[in-house]
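Peer 1: I am attaching a structure below and will ask some questions about it afterwards.
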Amino acid sequence: MNSGILQVFQRALTCPICMNYFLDPVTIDCGHSFCRPCLYLNWQDTAVLAQCSECKKTTRQRNLNTDICLKNMAFIARKASLRQFLSSEEQICGMHRETKKMFCEVDKSLLCLPCSNSQEHRNHIHCPIEWAAEERREELLKKMQSLWEKACENLRNLNMETTRTRCWKDYVSLRIEAIRAEYQKMPAFLHEEEQHHLERLRKEGEDIFQQLNESKARMEHSRELLRGMYEDLKQMCHKADVELLQAFGDILHRYESLLLQVSEPVNPELSAGPITGLLDSLSGFRVDFTLQPERANSHIFLCGDLRSMNVGCDPQDDPDITGKSECFLVWGAQAFTSGKYYWEVHMGDSWNWAFGVCNNYWKEKRQNDKIDGEEGLFLLGCVKEDTHCSLFTTSPLVVQYVPRPTSTVGLFLDCEGRTVSFVDVDQSSLIYTIPNCSFSPPLRPIFCCSHF
């Protein structure tokens, strides 16, 4: 081939970022092509818009498909480079005068075909160099994809841990104030219990704050290690075929060792401290009422009155639930404009639920709106992500770092005090009190059950 044409051919198959032959090439919407790993590394810290390093155009593209044509052409170019390397005198067997085309997995050496069948190497594993090297590259690319997903997960966890660390002391202070306010409603002889409760809460808060800081530091270290290993694997893929085959085992061992070192996030949780007499103080405000039948659905099970209501949220228990995410809402038939009221709901060991009270205009919408931090919704919710369940309250949206109730949850509505309190009945403990609620009477009970 004419040398000028060869140079054009090689340039067309070269990534403009790493200046090597394409490795898992992708073409972005501006028309320029790059190695996928190079784009990943360049775009790692870009939230939404990314920029082409060639034309500087921005793109939102994230799900990129491999350019098969470019990939095959790059493979041919690497194979041509290998054949040029093997044609040198150093790669001709001195005994048999044949090209060393075989790679011995045991000795990590190049052999000609007769040598690979000799008594010395007969029991070893051999493979043709050009195909073995490309297979190893493909294996490394799969490891790199797995590593990148791990790095992205670590980054999400790091951001979450950073947010938790920044907000943790404020959350503990908020909880201390809620517990103190609850004890102020109790008899004076519980003063000593209150002091012990608050002191334990402060100590737990300080310990968890330290754990969060340590976890954040570990994740930052993991981030550097993961990125470094990703770059090492990329460089290994770009090595000449023989070098790649000889070093493959060592870098694979390093990769597997690194995965064992990646830190997992802390799931902070303050203990549920029981408050003596809490349930007795609420029982005097207990009410019975029903849900509106036309708003109920098959995932909220009613047994007479609200105090006997069960919420079922495990899709495995109901064959009628599809794989599509659905959210079911139901309202109480009664509405409240003033006074104090208390009721209980048996949640069991379920998740993906929310209940509380809402301003009446939510009912008038007559549609399944998203349950989020919108004004006029005063809810306690439980969501499951992977294997971990988290609690939250709304108005404003606050994650609650306390144990998930696994049986019955109580709600206390104080219209004049403008508060909504949630209690873990089994533990006789306060989950949280939403203060300064922007009530617009009438207020109605609301229940939500979501299935995935």
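Even glycines carry a Cβ here, placed using N, Cα and C.
Pasting the feature list from Swiss-Prot:
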BINDING   Cys93, His96, Cys115, His121  Zn(2+) binding site
DOMAIN    269-452  domain 'B30.2/SPRY'
ZN_FING   15-56  zinc finger
ZN_FING   88-129  zinc finger
Peer 1: With DSSP as the reference, give the number of residues of the zinc finger (15-56) in helix, strand and coil.
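Peer 2: Helix, strand and coil residues of the zinc finger (15-56) number 8 helix, 9 strand, 25 coil.
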Peer 1: For a three-state summary based on DSSP, what are the helix, strand and coil counts in the zinc finger (88-129)?
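Peer 2: Final tally across the stretch: 8 helix, 11 strand, 23 coil.
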Peer 1: Near His96 (Zn(2+) binding site), which residues of its chain come within a Cβ-Cβ distance under 8 Å, counting only those 6 or more away in sequence?
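Peer 2: Correct list: Cys112, Pro114, Cys115.
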Peer 1: So among the binding-site residues Cys93, Cys115, who's got the most Cβ atoms within 10 Å?
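Peer 2: Of the binding-site residues Cys93, Cys115, the most buried by Cβ count within 10 Å is Cys115.
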